[in-house]
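Student: Input: one structure, supplied below.
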């Protein structure tokens, strides 16, 4: 909600201008999505800690640094995505009430907020995680910048998003002082997150497919058509396999295998079977469940680290 006393007024086209509330929503601070992004970094951090037998207490500052860096980065580039997609969003039923197409925030206001947020993301990352991690974040920021533009150029922008989010497993690896040697664990986590994010975004995009076709948005969900569930099945099998390899490489305990990997494996067929592409609300519900599942797996792996430290 907008802060008390925030300035808002009705624009000429009848839309409500509310800068504070609009920026809040552009940053996605009204949803748990940012926490879901941070959970990818936490998940990787805990898997590395299990492998290296690090105590939970030794991870606290890195844990907080990952949260701050990923939360700000997620919000800033969600804003950038909405800036780039403002014309498309106005044509899609689910997104036409977002701050920019609805007139809640102007283009200039959003651009100023984006530039400030980008500088803040860089500063916080450098201050809390150091130079090496800041350099490792570079490809993530770069891919996040080009992702919205890919919707106009290629039929698989989800692959770019998958690469962006998969790269989030690398800064925690560097933060713990590791290098490119013996990189099987980060490589397997990279594969798992890539498969999961493409799978997850396909589920999310399925609810917008009719509007995307009309608006000319390039989307893998549109391209696949009736083959959507077949592709989801392949991606689901890949993420289970990659997570299993990661758990093996980390020498995970039975606790993580049972409450983490097994639960994840069960969730995949449930998600695919529950998805109804003809029901616009179906994709959103399953997307939310899977976003929470990512936080859950991070919590399970963190609990494993804590139990091992006792």
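In case you wondered, yes, glycine gets a Cβ from its N, Cα and C as well.
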Student: Among 110-130, 131-151, find the range that Swiss-Prot records as transmembrane segment.
Tutor: 110-130
Student: Examine the transmembrane segment (286-306) against the transmembrane segment (185-205) and state whether at least 3 Cβ pairs sit under 8 A, considering only residue pairs 6 or more apart.
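Tutor: Per Cβ check, the transmembrane segment (286-306) touches the transmembrane segment (185-205).
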Student: Who are the chain neighbours of the transmembrane segment (230-250) in space, where the CB to CB distance is under 8 Å and they lie at least 6 residues beyond its ends?
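Tutor: The answer is 47-48, 50-51, 184-185, 188-189, 191-192, 195-196, 198-199, 202-203, 220, 224, 256-257, 260-261, 264-265, 268-269, 271-272, 275.
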